[in-house]
Structures are given as C-alpha cells and as structure tokens.
C-alpha cells in the first residue's frame with residue numbers, strides 16, 4: 001500500500017499531540033470558570049441589612065476576576081438589567097443597608113475572567129436571587145426565654161400557695177390559743193349575750209303597754225281615804 005507506514009506514523013503523532021494538548025488543558029489551574037446559582041430567594045425585615053453572595057471559582061490562578069451585581073427588572077424581558085455595584089470581598093458580596101419595600105426584586109451576579117491584558121477570557125452569571133421584604137415582627141412585651149418564663153411561673157405558684165396557706169394556718173392556731181386561754185366561760189358569756197337574740201322588740205312594748213293599762217284600774221286600799229263611807233271599791 002503506497003504511503004501506508006508513513007501515513008500511520010503521522011496519525012499516531014497527531015493523536016499523541018492532541019492527547020498532550022488536552023491533558024495540559026485539563027490540568028491544575030486550567031479548569032473552567034464556575035459560578036454558583038445562589039439561593040432562589042431571601043427574606044429580610046424592614047430596616048435590616050441584606051447580604052447577597054456570589055460564590056465562584058476561577059479557571060486560572062493568574063487571571064483577574066471582575067464581579068458585578070445587576071438587578072433584573074420585572075414585567076418585560078427585553079429591558080436591560082440595571083447595574084448596582086461591584087462585588088466586595090472574596091465572595092463578591094452585595095450589601096443593601098436599611099432595606100425597604102423598593103428593594104424587592106431579582107438580583108444576580110456576573111463574573112468576568114480577564115487576563116493580564118484585560119481581555120475577557122470567560123464570563124458566567126448566577127441564576128438570580130429574589131429579595132423579599134416583610135414587615136418587622138412585633139416585639140413581645142416580655143422578651144425573654146422559655147426557661148426564664150417557666151421559672152417566673154413556678155415562683156408565682158409558690159407565692160400564691162404561701163399566701164393561701166399561711167394566713168389560714170395562723171388563724172387556726174390563734175383560735176385554738178384563745179380557746180385554751182379563756183376556756184368554756186368565754187363561750188358561756190358569748191351565749192348569754194345572744195340569749196335574747198331574735199326577740200321582737202315591738203311585741204315586748206305591746207305587752208308592756210297592756211300591763212301598764214291594767215295597773216291603772218285598781219286602787220290601793222291602804223292609801224285610800226274614806227270620808228263619808230259612801231265610797232265603793234271595785235272588785236277585781
């Protein structure tokens with residue numbers, strides 16, 4: 001076969017060269033640029049600080065990364081995204097201080113990898129995170145832990161039990177001491193005081209008026225002065 005051995009050697013050399021190139025491209029420091037998709041949403045309260053991170057991994061150690069944050073406008077897909085700021089720190093963080101209702105929306109980060117000549121080698125962007133803003137939760141009147149609340153309830157129960165048992169016990173001991181000191185006489189005097197309890201005073205006055213009226217119809221013989229003897233005494 002004409003040119004057979006030479007053609008076979010050329011194919012082997014080409015295959016070996018392609019293998020070396022691919023091995024060098026997949027070696028350390030030559031991996032592809034990677035950007036995390038990020039959380040689908042984030043919820044913060046009014047007045048708080050929102051922090052969005054752009055996790056990424058560069059493909060070359062000598063390259064330079066440019067991280068920017070963009071806000072996606074809602075309602076029309078043809079509208080361009082609004083540039084917000086550059087990412088700060090190793091994770092390209094976006095910080096929004098004193099969040100209000102106007103900050104609600106979709107945010108995404110974009111990572112551009114450049115070489116020493118500021119040439120863009122690759123570019124990736126996150127899927128986007130929707131920022132939700134809610135009303136601040138009302139602060140409870142007693143802002144304390146559950147353990148502290150349980151201790152307070154236990155102390156209140158002990159105090160209530162003390163206030164209910166101790167006065168009753170003292171009254172019982174006082175009554176017992178009075179009975180032992182004064183004896184039965186005090187009880188008899190108390191009964192004598194209540195001997196006429198329930199007696200109707202109006203009935204008593206009526207009987208008293210009747211008795212007084214009867215006394216007026218009789219005459220005392222001893223004190224009667226008889227003159228001429230024609231005085232007649234009434235028989236009872």
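Easy rule for this one: first residue shown is 1, then count along the chain.
A Cβ is built for glycine as well, from the same backbone N, Cα and C atoms used for every other residue.
As recorded in Swiss-Prot, the features of this protein are as follows:
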{"type": "CARBOHYD", "residues": "66", "note": "N-linked glycosylation site"}
{"type": "CARBOHYD", "residues": "76", "note": "N-linked glycosylation site"}
{"type": "MOD_RES", "residues": "212", "note": "asymmetric dimethylarginine"}
{"type": "SITE", "residues": "218", "note": "site 'Required for binding to BLNK'"}
{"type": "TOPO_DOM", "residues": "33-151", "note": "topological domain 'Extracellular'"}
{"type": "TOPO_DOM", "residues": "173-236", "note": "topological domain 'Cytoplasmic'"}
Item checked: Number of helical, extended and coil residues in the topological domain 'Extracellular' (33-151), per DSSP -> 9 helix, 53 strand, 57 coil
Margin query: Within the topological domain 'Cytoplasmic' (173-236), what mean pLDDT does the predicted structure show?
Written below: 60
